[in-house]
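Note sheet for the following structure.
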């Protein structure tokens, strides 16, 4: 029994390695040399006109990769977009569609929507002052989406530390340090009142009282009233990708329950302290985790397709 389990593990490792081996940073160098520059200019324009868009594109990539891998399934109209964690909150589809249209004009049916989204996430971080990293390329697009998996596998704003660890470990073996680092994406972006209402009206005790009071001004206690009112996830430098998220946690100023659980007299406290005091440590851990996340179950070779339009499969 032990030997068969070991063999299964070897096969699994081989499959994961084979998938990531087929991804290469130079994948489009010959077939579409202007692809990366086109994505970058599209992202820069979008983030310049709306800084929140950087966080939205980063979140879109995250929500794509956590559901059947980084395959642009989240971009298909309906389906995953209707899942509870996504409905009414995912943004950035128009930006990706616009970039895709520009790329199709120069390289027809060559660059996948999955790769566009992965690169756009990186470029969004850079546009807001964060670190850069080399993105392996060659993902293909799914021909389906999975609303049920989006409902079950995307971590929620009320998740505990243990639930977050389990959700990340399930996806490409993202470990606890990866999870804490990727949570640092909340150094940019905003969240709706409905996601933190319970936390600021007595549901959590691990919140700075003045901070909670300031949030209540735009987030009424009554459910259904002001549900969509927005608050910055990072209360200090909302539109700058930095390590302030972690110093906020140490002051009990995490906006979401799932943020503050990372610094709550628990096993992740020391990682938060490290990232708060050492920006380079955070940047290094974040870029490492983003590459790992981008390598979750990519479709390569002849799997899937290269969609002509990101919102629908080819007819």
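For all residues, glycine too, the Cβ spot is worked out from N, Cα and C.
Curation plays no part in TrEMBL annotations; they are all automatic predictions.
What you see is a predicted model, and the numbers here were worked out from it, not measured in a lab.
Here's what TrEMBL has on this protein:
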- 1-21: signal peptide (SIGNAL)
- 22-314: domain 'Plant heme peroxidase family profile' (DOMAIN)
- 32-107: disulfide bond (DISULFID)
- 59: site 'Transition state stabilizer' (SITE)
- 63: active site, proton acceptor (ACT_SITE)
- 64, 67, 69, 71, 73, 80: Ca(2+) 1 binding site (BINDING)
- 65-70: disulfide bond (DISULFID)
- 113-310: disulfide bond (DISULFID)
- 155: substrate binding site (BINDING)
- 186: heme b binding site (BINDING)
- 187, 234, 237, 242: Ca(2+) 2 binding site (BINDING)
- 193-219: disulfide bond (DISULFID)
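Overlay of TrEMBL annotations on the structure.
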residue : record                       : Cβ contacts under 8 Å, 6 or more apart
32      : disulfide bond               : 103, 106, 107, 110, 111
63      : active site, proton acceptor : 74, 80, 85, 86, 90, 150, 154
64      : Ca(2+) 1 binding site        : 70, 71, 72, 73, 74, 75, 114, 117
65      : disulfide bond               : 171, 172, 293, 294, 296
69      : Ca(2+) 1 binding site        : 296, 297, 298, 299
113     : disulfide bond               : 72, 75, 96, 100, 141, 307, 310
155     : substrate binding site       : 66, 163, 164, 167, 168, 258
237     : Ca(2+) 2 binding site        : 187, 244
When distances run from the Cα of residue 234 (Ca(2+) 2 binding site) to each of the recorded positions 59, 67, 186, 193, 219, the nearest one: 186
Any further residue of that chain within 8 Å (Cβ to the Cβ centroid of 187, 234, 237, 242) of the recorded Ca(2+) 2 site: 188, 236, 238, 240, 241, 243, 244, 245
Any further residue of that chain within 8 Å (Cβ to the Cβ centroid of 64, 67, 69, 71, 73, 80) of the recorded Ca(2+) 1 site: 63, 65, 66, 68, 70, 72, 74, 142, 145, 146
Fewest Cβ neighbours within 10 Å, where candidates are the binding-site residues 71, 80, 234, 242: 242
Cβ neighbours within the same chain of residue 219 (disulfide bond) - under 8 Å, at least six residues apart: 193, 196, 197, 200, 226, 229, 231
Cβ neighbours within the same chain of residue 67 (Ca(2+) 1 binding site) - under 8 Å, at least six residues apart: 73, 74, 80, 145, 146, 149, 150, 153, 154
Chain-internal residues near residue 186 (heme b binding site), provided their CB is under 8 angstroms and they sit 6+ positions away: 233, 234, 245, 255, 256, 259
